Amino acid sequence: MHGHGGYDSDFSDDEQGGGSSKKRKKTVEDELLLTKPFQKERHGKVAHKQVAADLLDREEARNRRFHLIAMDAYQRHTKFVNDYILYYGGKREDFKRLGENDKTDLDVIRENHRFLWNEEDEADMTWEKRLAKKYYDKLFKEYCIADLSRYKENKFGFRWRIEKEVISGKGQFFCGNKCCNEKEGLRSWEVNFGYTEHGEKRNALVKLRLCQECSFKLNFHHRRKEIKSTKKKSKTTPECDESPRKKSRSPPSEEASKGKDEGHSSSKKSEDSRNRNAEEEDSASDSELWKGPLPETDEKSQEEEFDDYFQDLFL
């Protein structure tokens, strides 16, 4: 029995069911109209486990990256080593590097240094050779520093000077022997230096300045070539020799008269010779003008003048 008063109807349930279905259709249509094309779907359910795991991994990676950036290189290295031992096993001694084959810049320069570089040496340049060549370019190659400790065996060692030695005057104003600081009585020597370098025999002509004692050591077996200063000699006009006095003396009156006559005659002769010389010079200059262009005189450049000046100053 449905309804009130004991009356029931077969159409009452159908009307109620039809109204609810219409409402549902309207809500679905309204939602479709109100949704935007780029709007994401609503998750009414719990997220999938894989989605949650990806979010957690991303957050953990962000935190780990932040901590690694805050560390320095050594701290990062120790952390990675500890993590490797923790997760994969092993001993800490396995991660210690051997320093037997380590080389410093000084070791590389000693292995690849050359006393003189030529074009063949610069053909195949590795980073070791470039480092040695860069050091070679900083050396001053005017005078050498010598090692005369084995002079009795006729064995000598030579090297170029560094900037500190050039500033202090070692090898130029002081003795060029590395164990001597004498600055008096220095002499310049030119030595043909024969040496073996990288299995190849070479020769080089070097200059050095030594004191008297060190010069004796250098020339202990045979004498080397000494460089002497070549100063320009000043041109001096030869003076006329005085004529010897005559033994026979004339009286003073005759000598006075003769002196006057000789003075007048010599003055006239000198004037005539001057006039003739002036005329000859004028005629020669006029004739030379028509022969051709004037010969070019070789003038010394400023660098050559400085070289001559310093050569006279230092030697």
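Please read every residue number as a count from 1 along the shown chain.
Here the Cβ of each residue, glycine as well, is placed from N, Cα and C on the backbone.
Values in this document were obtained by computation on a predicted structure and should not be read as measured data.
Ser283 is the residue among Ser168, Ser253, Ser273, Ser283 that Swiss-Prot describes as phosphoserine. Considering Ser229, Ser257, Ser285, the record held by Swiss-Prot lists Ser285, annotated as phosphoserine. Within the set Ser12, Ser188, Ser287, Ser301, Swiss-Prot records phosphoserine at Ser12.
Shown in sequence order, the list is empty: the chain has no residue 6+ apart in sequence with a C-beta less than 8 angstroms from the C-beta of Lys36 (N6-acetyllysine).
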